[in-house]
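*Asks:* Relevant sequence annotations retrieved from TrEMBL are reproduced here:
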| type | residues | note |
| --- | --- | --- |
| REGION | 1-58 | region 'Disordered' |
| COMPBIAS | 37-53 | compositional bias 'Low complexity' |
| TRANSMEM | 74-93 | transmembrane segment |
| DOMAIN | 76-355 | domain 'ABC transmembrane type-1' |
| TRANSMEM | 113-134 | transmembrane segment |
| TRANSMEM | 188-206 | transmembrane segment |
| TRANSMEM | 212-230 | transmembrane segment |
| TRANSMEM | 326-344 | transmembrane segment |
| DOMAIN | 388-626 | domain 'ABC transporter' |
Amino acid sequence: MTQAKTPTDHTAAPAAGPVGDRAAVRPPGRAVDRAVEPAAAVPAGPEGVEEPGPAGGPSPLRLLLEQVRPHRRVLVAGGLLSLLGSGADLAMPMMAKHAVDAFADGRSPVRPLVALTLAVLLGAFLAAAGRYMMARTGEAAVLRARRRLVGRMLRLRVEAVDRLTPGDLLSRATGDTSLLRTVLSRNIADAVTGVLVLLGTVVLMAVVDLVLLGVTLLAVLLALGLLALLMPRIQRAQHQAQEAVGAMGSALDRALQAFRTVKASGAEERESAAVAEAARRAHERGVAVAWWNSVSDVTTSVAMQFAFLAVLGVGGARTVSGAMEVSSLVAFLLYLFALMGPLGQLTDGWTGLSGGLAAVRRIREVEELPRESPGGAPSPRGSSPLGVAFEDVVFGYGGHLEGRSPAHRGVTFEVPAGGLTAIVGPSGAGKSTVFALLERFYEHDAGTVAVGGRDIRHWPLAELRSAIAYVEQDAPVLAGTLRENLLLAAPDAAEEEVRRAVSRTRLDGLVERLPGGLDAQVGHRGVTLSGGERQRIAIARALLRRPRLLLLDEVTSQLDAVNEEALREVVVELAAETTVLAIAHRLSTVVRADRIVVMEDGRVRAVGLHADLLRSDALYAGLAATQLVAGRSPARAAAEAVEEPSGPS
Ligand SMILES: Nc1ncnc2c1ncn2[C@@H]1O[C@H](COP(=O)(O)OP(=O)(O)OP(=O)(O)O)[C@@H](O)[C@H]1O
């Protein structure tokens with residue numbers, strides 16, 4: 001599933017003029033804080049990225065046994081108790097034989113009957129205790145598997161998660177891990193005790209009558225042979241059933257993620273039909289599993305019925321001829337019935353085990369995806385600002401391998417520590433990709449990205465990310481309280497700091513209005529808030545982090561004029577304390593920037609100040625006149641562009 005990114009040949013040289021010209025990119029009087037480390041120093045594998053293990057890996061059975069290993073002692077103890085319980089069951093036919101003999105000989109049957117009763121009670125108690133121990137172990141194993149899987153899921157690389165659906169991941173973390181419980185608490189014990197009790201029964205049958213044992217074994221071997229033929233089909237059906245449940249999760253997730261859009265588009269019927277179709281397929285697969293389970297059940301039971309008839313015939317003839325006693329025939333028949341139990345246990349254990357194997361395989365698939373290792377200590381909040389440098393950076397999201405052009409085709413620009421840098425450009429120019437690479441959500445294919453003069457591949461991931469605050473385009477708010485959302489990136493921030501961030505981002509009105517204030521619940525994905533409120537929360541969250549580099553993606557796009565102006569002030573204030581990189585949507589942000597990076601088609605086209613760029617760069621002039629001021633008429637925008645001051649420096 002992992003698709004390794006290969007370096008591409010798109011290392012296009014910087015175009016003529018200001019594009020990619022480092023001298024032009026660096027504003028006069030500001031030096032980049034430290035030199036970029038030479039490319040030769042880059043280690044073979046970038047820091048913080050764990051590569052997946054070798055393809056193939058251990059077999060599902062070994063993986064399952066790995067899950068079992070930490071619990072083996074309890075499992076053995078529980079298994080022994082269950083076995084002792086079954087042992088008591090095994091003693092019963094012999095005791096019944098003694099009782100029958102006692103009746104026939106005119107002796108008192110009290111002792112064998114009391115022994116029989118005690119055996120029944122002891123057997124029931126031991127078996128129940130064994131089952132309880134196994135069930136507890138099963139729960140412990142599920143907990144362990146879930147912790148491990150969820151821990152790994154949140155460490156997966158963004159690139160890997162881009163290709164997965166949350167619904168399917170969810171079904172692996174919940175449904176598939178639950179299957180492990182059944183395997184550990186029941187199926188493994190069933191299979192092991194099944195085999196042992198089967199052997200014990202066969203030995204006791206041999207003691208009673210060898211000829212009848214021969215007849216029985218023929219039937220048992222026939223049943224086992226047929227089961228061996230059925231097993232691969234059962235396993236395949238199990239795997240398909242679990243995949244189908246995952247697919248249904250994905251279908252439902254798709255509709256729920258875009259709940260309002262689905263409604264607004266009148267697509268409820270179609271979406272629910274799609275989920276229903278996925279549910280139907282899951283049902284179909286489930287029925288297939290039930291079918292193969294029934295076939296295996298009927299196979300064993302028919303084989304045993306044949307054995308019963310044959311034993312009855314042969315045994316009847318042998319008692320008539322005097323070759324065996326009636327009580328022995330009764331005991332043998334009881335053992336034959338007792339054989340049904342372990343045989344059933346064996347088939348159930350085996351089919352359950354195949355479900356468990358399919359589950360570990362699906363869990364393993366997620367665990368094998370490339371993930372990040374955080375590495376390094378988070379840097380303290382509020383240290384000195386960091387400069388940023390991109391040099392000839394080439395990067396494609398993976399789609400470029402299928403013919404799509406890469407998102408970055410030789411991006412070069414430099415931003416000194418401190419100050420406000422605006423990034424502008426048409427949609428799809430690669431602006432957000434600059435941020436994604438700085439956060440190392442993706443690894444660039446060629447060129448160098450440096451933060452604080454140090455190649456980002458040399459930054460331990462946790463240290464790099466803790467130095468950066470990132471306000472995403474759609475400003476996500478998590479389910480929980482307002483406070484939890486604000487403290488997400490700075491859990492140790494003091495109450496006073498929180499209050500200050502709230503007031504700077506003009507959230508105080510909201511906090512007053514909400515019942516519970518900062519402790520009010522904001523709903524799933526912040527649905528109880530407006531788009532502008534969500535954005536301001538995202539900005540407040542970033543402020544609390546006191547970053548050394550602040551990345552703002554179209555951050556004022558959903559704000560009204562008053563809030564927008566207030567936040568622009570905050571951004572300008574922040575630029576005095578730290579480095580701010582803002583993908584600018586509004587002209588008013590751009591004109592205050594210390595420098596503007598104009599991107600087009602995966603490259604930096606020009607860098608400069610507003611007034612200069614208006615004159616020297618046609619694309620920028622066009623953008624300034626229209627796109628940058630979304631929602632206003634081009635004529636008004638053009639007028640504004642001319643009226644606006646030309647920036648602080
Ligand atoms: N996760 C992704 N997987 C594949 N392709 C992507 C991904 N994200 C972005 N792209 C593609 O990469 C290119 C650059 O995208 P990017 O988001 O950097 O543009 P942008 O300049 O920020 O655009 P906008 O202003 O519309 O947000 C686009 O062609 C886009 O379709």
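Quick reminder: no glycine exception, Cβ is built from N, Cα and C everywhere.
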*Asks:* List, by number or range, the same-chain residues at least 6 past the transmembrane segment (188-206) whose CB is under 8 A from its CB atoms?
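*Replies:* The answer is 68, 75, 78-79, 82-83, 86-87, 89-90, 93-94, 130, 134, 212-213, 216-217, 332, 335-336, 338-339, 341-346, 348-350, 352-353.
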*Asks:* Top stretch among 74-93, 113-134, 326-344 for CB pairs under 8 A with the transmembrane segment (212-230)?
*Replies:* 326-344
*Asks:* Would you mind giving the whole-number mean pLDDT across the domain 'ABC transporter' (388-626)?
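*Replies:* Computed over the domain 'ABC transporter' (388-626), the mean pLDDT is 86 on the 0 to 100 scale.
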*Asks:* Would you mind listing the long-range same-chain contacts of the transmembrane segment (326-344), meaning Cβ under 8 Å and 6+ residues beyond its ends?
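*Replies:* Residues packing against the transmembrane segment (326-344) from afar: 86, 89-90, 92-94, 96-97, 100-101, 104, 193-195, 197-198, 201, 204-205, 208-209, 212, 216, 220, 223, 297, 300-301, 304, 307-308, 311-312, 315-316, 318-319.
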